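**Q** Pasting the feature list from Swiss-Prot:
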type	residues	note
ACT_SITE	Cys156	active site, nucleophile
BINDING	Arg21, Arg136, Arg137, Arg177, Ser178, Val179, Asp180, Asn188, His218, Ile219, Tyr220	dUMP binding site
BINDING	Asp180	(6R)-5,10-methylene-5,6,7,8-tetrahydrofolate binding site
Amino acid sequence: MQQYLKILTDVILLGEPRNDRTGTGTVSIFDSYAKFDLREGFPAVTTKRLAWKSVVGELLWFLSGSTNLHDLRVFTFGRDEGQWTIWTPNYEDQAISMGYDKGNLGPVYGKQWRNFGGRDQILELIEGLKNNPHGRRHLVSAWNVAELDKMALPPCHYGFQCYVSNDGYLDLKWTQRSVDCFLGLPFNIASYALLTHILAKLTGLKPRYLIFSGGDTHIYNDHMEQVEEQVKRKPRPLPTLVMPEFVDLYDLLENNTAAWSFHLEGYDPHPALKAKMSS
C-alpha cells in the first residue's frame, strides 16, 4: 500500500489550504492516481485498521439498489438495531433537513447503480462483460445531474469502468471527484477491490488491476495529526480475500447478506487511528 502512503505524502508536501462545505478546512491537491495489482494481495490498508465489515456492508447495500439506512445496517451487522454506520452522519445532518425520514437518503448510489432512468447498470455491466468483453462501454455512473439535489450526499466516487484483457483478466478503474484521504480513500480502495473480485466471479474472469483517479484530494485539518502518524508506519503484507460461494447477483444478495460472509485472511494491520468524519 505504498501507493496510498504516497498520496498522503503528496498532499502533506504539496497541498494548499482550502475552505470546504463542512467548515472543517482541508489541505488539498488536484489530481491523484494509484494502481494496485490484485494478484499480489487484497489492498486493505495495513498502516491502520480498516473497517472491513463496513466496507462489505456498504458495497452489498449499493449492489442491492437500496438507499435506506435500515437496509445498510442489515447488510453490515445482520440486523437493524440502530447501529452507527458511515452514512448515519449524512442522514442526520443532511437527509432529515431535506425532509427525508425513516432512514431514507434520497437517490444515492444504489438507486443510480440499479435504476438510473430505468436502467439497471449493474446487470447490464455483468451481461456486457460476459457477452461483449472487448466492449468500451462497460461503465457505471452514479452522477445523475437531474437528481443531485435530491441526494443526502452527491456521489464522491461517481463512476467506474471495466476492461477485459485477451487472457481473461478483469481490470477496474474508478473516478472520484472528492477524496477524503484519511477516512475515505482506504475505504474506497477496499470497496472497489471487492467489487472487482465480485464482478470477476460473476463473469468467469480473473481480477487483475484496480486503478484510482482522484480530483480534489484532501486531508481535513483535524485529521493531520493522525495522518502524520500513519505515514511513519511501515506497511505490512497484504491479506487474501476469501469470499462465499455465489452464482449470480441474486444469490450474492439473498444468501450472503451479511458482511461476515467475506473474510480477509492474514490481515495484520497496525493499530486503529480514529478521527471525526466531516459531513
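Glycine is no exception: its Cβ is also placed from the backbone N, Cα and C atoms.
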**Q** Among all the protein chains here, how many other CB atoms are within 10 A of the CB of Arg137 (dUMP binding site)?
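**A** There are 10 such Cβ atoms around Arg137 (dUMP binding site).
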**Q** For the dUMP site as recorded (Arg21, Arg136, Arg137, Arg177, Ser178, Val179, Asp180, Asn188, His218, Ile219, Tyr220), determine the largest distance between any two Cα atoms, in Å, rounded to the nearest integer.
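**A** This binding site's residues have a maximal Cα-Cα distance of 36 Å.
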**Q** Restricting to the chain of His218 (dUMP binding site) and a gap of 6 or more, list residues whose Cβ falls under 8 Å of its Cβ, or answer none.
**A** Val11, Gly15, Arg18, Asp20, Thr26, Val27, Ser28, Ile29, Ser178, Val179, Asp180, Cys181
**Q** Could you tell me the C-alpha distance between Cys156 (active site, nucleophile) and Arg21 (dUMP binding site) in angstrom, no decimals?
**A** 13
**Q** Over all shown protein chains, what is the count of other CB atoms within 10 A of the CB belonging to Tyr220 (dUMP binding site)?
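**A** Cβ-Cβ neighbours of Tyr220 (dUMP binding site) within 10 Å number 24.
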